[in-house]
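Engineer: Here it is, the structure, as structure tokens.
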Amino acid sequence: MRPSISGSAPATPAFSTSRFRAEREADWIAFDALLARLEKKGAKALSSEELLQLPLLYRATLSSLSIARATSLDKALLDHLEALSIRGYFLIYGVRQSRLDRMKRFLLHDWPAAVRSVWKETLLIVLILLLGTLTSWSLVTHNPEWYYNFIPEELAGGRDPRASAEFLQGTLGHGRAAGEQEGALHMFATYLFTHNSQVSIMSFALGFAFGIPTMMLEYYQGISLGAMIAVFTSKGLGFDFGGWLFIHGTTELFAAALSGAAGLRIGAAVVFPGARGRLQAAADAGRTAGKVMVGVIIMLLAAGLLEGFGRQLITDTLLRYGIGTLMLLFWLGYYYLPRPETGI
Amino acid sequence: MTTAAVNARAQALRKSKIRQFVTPEGVDLELRIASSGLRLGALLIDICLIQLILLSFTLLMIWVLGASQSSIAISIWMLGAFLLRTFWFIGFELGQRAATPGKRLVGIRVVARDGGRLTADAVVARNLIRELEIFLPLTFIGFSAAEEMVNWWTMLAGFVWSLTLSLFLLFNRDRMRMGDLIAGTWVVMAERVTLDRDIAAAAEAAAGALTFSDAELAVYGIFELQELERVIRAADARAMREVADTIRAKIGRPVAEEDDVFLLSYYRQLKARLERKLLFGKRREDKYASD
């Protein structure tokens, strides 16, 4: 390139942005075409030669952008180069592993690690749940009238202190005796899953308000649980009720506690950001919590299946206890058993 | 307010939306934060699409239910509706373009604030919070409609409180939703810009005789040059006539040639002049700046 000094204005200058464009345009067009294919079909659509071309063209485009910014006033050209560079940057630096690899990594490493890292919050939420349960249990045991404050009529479905032991026994669902048709079980399971997921998402999402609504929600869950337990134990059905609850409850309540813990983690990060900035702390916590929440939804799917199918088909109380315990052990082992660092 | 001040303010506003984003190669990509209007537009498009898909899915399931008499269709419907509502945003934002169809249409995308990769957990976190932002205000409306004994004012207060969560993005510079804040993301402009022809090069060939003196070219700056470029590219005869007349009046030239020929040669020579100055480190933003 010759030096760009020229005398009079109208004469063609030695360095002209038109010439610059004419020289480089082919690269931009090639890069644009590669990006379009990459966006549509992924890396598989490109041959290995084209893949090698990609970073070269990307750097050429970035360098063109720098030159154009410094020398050109052609708005169309600047806008195009800027948009092209941004697209290219996110495609080239955003290249991730394949979906299968990501899934494997999530299941083997990310999910349990995220759950492990919120153990303090999980413990706190479990305590809150227990506290709620104990509160309402002791209140209802001493004065059954309390029950009506905790559980709305339409939700109780007749399961209240006035009900007879036989009726309560019936609601514990011994197969078809409970009036459930087998055909409707999957419907019931689906309903439970979607409903519980919705509630868990809320309990997580409310976390950023310093975690207070989350804790209230969990406490309230404990309250209704305790009231129910009190009604059944007062009629001598505690053991049966335990089995009814245990089969899916270990998974479902664990998931509920984890969603609360995820919310609490965000709330805690906003209140006590530590050495990081508040925004940074919230973002870090949010990512951990996001992983936990994907896990929670999977757990709730399992819980919905156990509740919808397992509980209705398996009526033996001891077997119910067995399955519930097994699930709990499985989750605890999956999350908290120490494992070697995989280094991924 | 003078035109100069208005101009300066418009420029400051444009600048305030630009965020530094330096690539490993050391080039600042100057990402622009997407405006709240665009965000709302994208959301509305997505909601419409979801509703449309849900509607056709529902009709299909009703047909299946009628044909097979099996209640499994209801289960599939419930599961499908849940998956659609929860994973529409997550699924699309995990894709290569990090944007839902609505976002693609208005030309915006999600980006990690720290410049790193947009990870799946960030996308999940920002979209689960969306449940809260959209549905909490709706729940309050629903409550007040359903339960009349509850104080109307309490409901209103709750609604307004939940709205401040939903409208959080209006109250910060970076237009972050609650979800963006928690996931550490931004939503930025990512339009596709096709490369338009080089009008200066075309002019080089076409207009030979028409030359302007340095004094005639010294009246405008970069802002005016780029506005002129826009008018020439749009090629609207009336706009071109108006602009050509304004320039002629300003530099005191008689109407002697076709508007487009006049504008093209003026554009080319003004561009050459300003670009030459740019090479010498002098950037004249607009006509109010000193030459």
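Quick reminder: no glycine exception, Cβ is built from N, Cα and C everywhere.
All annotation found in TrEMBL is predicted automatically rather than curated by experts.
Positions annotated as transmembrane segment by TrEMBL: A:122-140, A:201-220, A:227-247, A:253-276, A:288-306, A:318-337.
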Engineer: Out of A:122-140, A:227-247, A:253-276, A:288-306, A:318-337, which stretch has the largest tally of CB pairs under 8 angstroms to the transmembrane segment (A:201-220)?
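Structural biologist: Selected stretch: A:253-276, with the most Cβ pairs under 8 Å.
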Engineer: What residues in the same chain, six or more past the boundaries of the transmembrane segment (A:318-337), come closer than 8 Å to it by Cβ-Cβ distance?
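Structural biologist: Residues 112, 115-116, 119, 242-244, 246-251, 254, 299, 302, 306, 310-311.
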Engineer: Are there residues at least six beyond either end of the transmembrane segment (A:122-140) with Cβ under 8 Å to its Cβ atoms? List them, or say none.
Structural biologist: 115, 146-147, 150, 161, 214-215, 218-227, 229-231, 253, 256-258, 260-261, 264
